[in-house]
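What Swiss-Prot says about this one:
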BINDING   51-58, Thr85, Gly111, 190-198, Gly248, Arg263  GTP binding site
COILED    338-369  coiled coil
DOMAIN    41-314  domain 'Septin-type G'
MOD_RES   Thr13  phosphothreonine
MOD_RES   Arg168  omega-N-methylarginine
MOD_RES   Ser225  phosphoserine
MOD_RES   Ser327  phosphoserine
MOD_RES   Thr336  phosphothreonine
REGION    51-58  region 'G1 motif'
REGION    108-111  region 'G3 motif'
REGION    189-192  region 'G4 motif'
Amino acid sequence: MSTGLRYKSKLATPEDKQDVDKQYVGFATLPNQVHRKSVKKGFDFTLMVAGESGLGKSTLVHSLFLTDLYKERKLLSAEERISQTVEILKHTVDIEEKGVKLKLTIVDTPGFGDAVNNSECWKPITDYVDQQFEQYFRDESGLNRKNIQDNRVHCCLYFISPFGHGLRPVDVGFMKALHEKVNIVPLIAKADCLVPGEIRKLKERIREEIDKFGIHVYQFPECDSDEDEDFKQQDRELKESAPFAVIGSNTVVEAKGQRVRGRLYPWGIVEVENQAHCDFVKLRNMLIRTHMHDLKDVTCDVHYENYRAHCIQQMTSKLTQDSRMESPIPILPLPTPDAETEKLIRMKDEELRRMQEMLQKMKQQMQDQ
């Protein structure tokens, strides 16, 4: 049905602009505000590297972040490595790129998998991860929560030997011990030792064994439906490439008139950043450029929340048991607290109430499932 109305285009007048300004509230600038605040505060990321000695862990970390964290490292002999116990070493460095600051912490695990008897050799590593969760839980439950330092492990790169025929028992034991505590990204180390066909077969074998043993490695998030096709294609290639076959090198060589990082062999040159040679670029893009924030989110929302819920459940059970017990010691009157102490007590009571409510909700959700 025609209304008989005709619309004419006209230039925007100052009055029109004033009307638009009146309708504009301003919350559309919130992303910019968050961006400025985040950049000013800086970011932190904790990466654990694990695997037996000689698989190129230190070299790969140097290649990923272009930072030498192992300047004072002492190389041990074979006998010393066999007798060495598993250690936990932290290396922290502040990196800045285009005004964005990143506090990078590398957690190394020298001695892992090098002993003759490797049973339970992952115990010091699981204890370390739990200690970081415990420290964060204590800081989060304290009164001063403004400057909590996050030392939780956000990602673990686990190096698998290319010389085996899949996962060894120590590989299965390590990943099953940590897969509920940290995001595990399995890597095939020293991929230049294998031809492309061997790499494909080894990847298929590792994927099958991961499913067979019920190991939960880091799952890449699904793409949004409104993403462009190029991004979706890159995401598909990324998922199909796991576990990543990687090569690391700190040496710059000449290849086709260009200086590239790689390794020089009698039969040719292996380029670290050539996607036809290895998956290093895919790993770097995933770890730094596209999925670093998701790794931190999964650590906080899944792994840490599981630990936190377990702690709250234990605390609540203990409080319930204590409340049922009659104390044989007479309760003495407490001195009258001052205003500041009363405020702190109210804050702690309120926090405990919220924790109990959250626990009740979680129990209800578990019953509904």
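Cβ atoms here come from the backbone N, Cα and C positions, even for glycine.
Overlay of Swiss-Prot feature records on the structure.
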residue: Gly51; record: GTP binding site; Cβ within 10 Å: 22
residue: Gly54; record: GTP binding site; Cβ within 10 Å: 13
residue: Lys57; record: GTP binding site; Cβ within 10 Å: 25
residue: Gly111; record: GTP binding site; Cβ within 10 Å: 22
residue: Arg168; record: omega-N-methylarginine; Cβ within 10 Å: 15
residue: Asp192; record: GTP binding site; Cβ within 10 Å: 20
residue: Val195; record: GTP binding site; Cβ within 10 Å: 9
residue: Glu198; record: GTP binding site; Cβ within 10 Å: 13
residue: Ser225; record: phosphoserine; Cβ within 10 Å: 6
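Rounded to a whole value, the Cα-Cα separation of Ser225 (phosphoserine) and Glu198 (GTP binding site) is 35 Å. Rounded to the nearest whole angstrom, the C-alpha distance between Glu198 (GTP binding site) and Arg168 (omega-N-methylarginine) is 17. For Arg168 (omega-N-methylarginine) paired with Val195 (GTP binding site), the C-alpha to C-alpha distance reads 21 Å. The region 'G1 motif' (51-58) scores a mean pLDDT of 86 in the predicted structure.
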